[in-house]
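Participant: Summarising the annotation, Swiss-Prot assigns domain 'ABC transporter' to 4-234 and lists sequence analysis as the type of evidence. Look at Swiss-Prot and you will find G36, P37, S38, G39, C40, G41, K42, S43 tagged as ATP binding site.
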Amino acid sequence: MAPISIRDVKKSYGKHPVVHGVDLEIQSGEFIVILGPSGCGKSTLLRMIAGLEEITGGEIAIDGRVVNQMEPRERGCAMVFQNYALYPHMTVAENIGYALKVAGVAKTERSRRIAEVAKALSLEPFLDRRPAALSGGQRQRVAMGRAMIREPKVFLFDEPLSNLDAKLRIAMRAEIRRLHRRLGATSIFVTHDQTEAMTLADRLVVMNGGRVEQVGTPEEVYHHPVSRFVAGFVGTPAMNLLEGTINDEGVFVYDQSRKIALPRERAAALKGKRVVLGMRAEAARLVVPDAPGALVATADFIEELGASRVVHADFDGLPFAVALTEAVSVKSGDPIGIAIDHNAIHLYAADTGRLIENSAMSGAGAVHA
């Protein structure tokens, strides 16, 4: 186990910056997930930690030692890649133990440690097979075993589950979490998959455009997103976002005429401001269209998710998602009313996209169509 300090780390390719001054403190034994869309710099940051990319600026320290000038093999990290990176001509046992062989570890000790790793990853029946004879999940476990056997201070995972089908991804998420509990090593996992991020992380690091948008537990990031980007990126469905203006009466006005009344004490300081109102799908519920204060819309399509459903509504071209857990009869094309939980509203500055502090609403008024 080892703490990691990332201080004002930058990366540029020529004149093109791709990582802009990232600061992050990772505790010893912590499981960190870096989440973001393609091209946000998350894999580049991971590769700089591993030593596979040069650092343009800033400093990375692992276990108290600055590693900027260290070779990858000197950093105490083991990396698991998306494409497994197994040697096709070697057996599972040979793949797992290859790093020890190169390091000159005695054959008896190699065999003992290979057996331990194979048992931990349920690979014992496959030790004499070659990668071509394995399933995708088995190959990924071999890749993990090859990292485990080195007994590293830090595990680095670069989208390791992307090539697996949905069922295998679920199984491998559980496998990785069990592995982390067993070994206790500091782990950094890069993904664009929100489900992976939310289920694996002790803390999430959400990146966008080479910058860190938010760091926090999955619960903090989901329930208290600090920017419009995080609100719209984290969560399935994404947070409902409506852009409008706070008028002189302290009412949020969007789509020219639709209105949501806000608490006077919050709206008073925001009169005349362009803001983005955000609300999770589960903070809304369906009511009859003529219910007092209901937002009138049309059910566009319904996602059936087994234990729950999501109604994707359309009102004059604006999308709005409502999560249902109770049995409600609704089908595409039905007129619906939407009631919202004003305690769950967040406001973001339209120009910067940042959360307006203390913008979680309480005691707000009705919604008017």
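Each residue, glycine too, has its Cβ placed from N, Cα and C.
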Participant: Taking all residues of the domain 'ABC transporter' (4-234) together, what is their mean pLDDT?
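Facilitator: Mean pLDDT for the domain 'ABC transporter' (4-234): 94.
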Participant: Determine, from DSSP, whether K42 (ATP binding site) sits in helix, strand or coil.
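Facilitator: Note: K42 (ATP binding site) is helical by DSSP.
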Participant: So which other residues, same chain and not among G36, P37, S38, G39, C40, G41, K42, S43, have a Cβ within 8 Å of the centroid of the Cβ atoms at the ATP site?
Facilitator: T44, H192, M207, N208
Participant: Comparing the binding-site residues G36, P37, G39, G41, which residue's C-beta has the most other C-beta atoms within 10 angstroms in this structure?
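Facilitator: Comparing the binding-site residues G36, P37, G39, G41, the most crowded Cβ belongs to G36.
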Participant: CB neighbours of S43 (ATP binding site) within 10 A?
Facilitator: 20
Participant: So what sits near S38 (ATP binding site) in its own chain, CB-to-CB under 8 Å and at least six residues off in sequence?
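Facilitator: Within the chain, S38 (ATP binding site) has Cβ neighbours under 8 Å at H192.
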Participant: Around K42 (ATP binding site), how many other CB atoms lie within 10 A of its CB?
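Facilitator: Cβ-Cβ neighbours of K42 (ATP binding site) within 10 Å number 28.
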Participant: Looking only at Cβ atoms, how many others are within 10 Å of the one on C40 (ATP binding site)?
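Facilitator: There are 24 of them.
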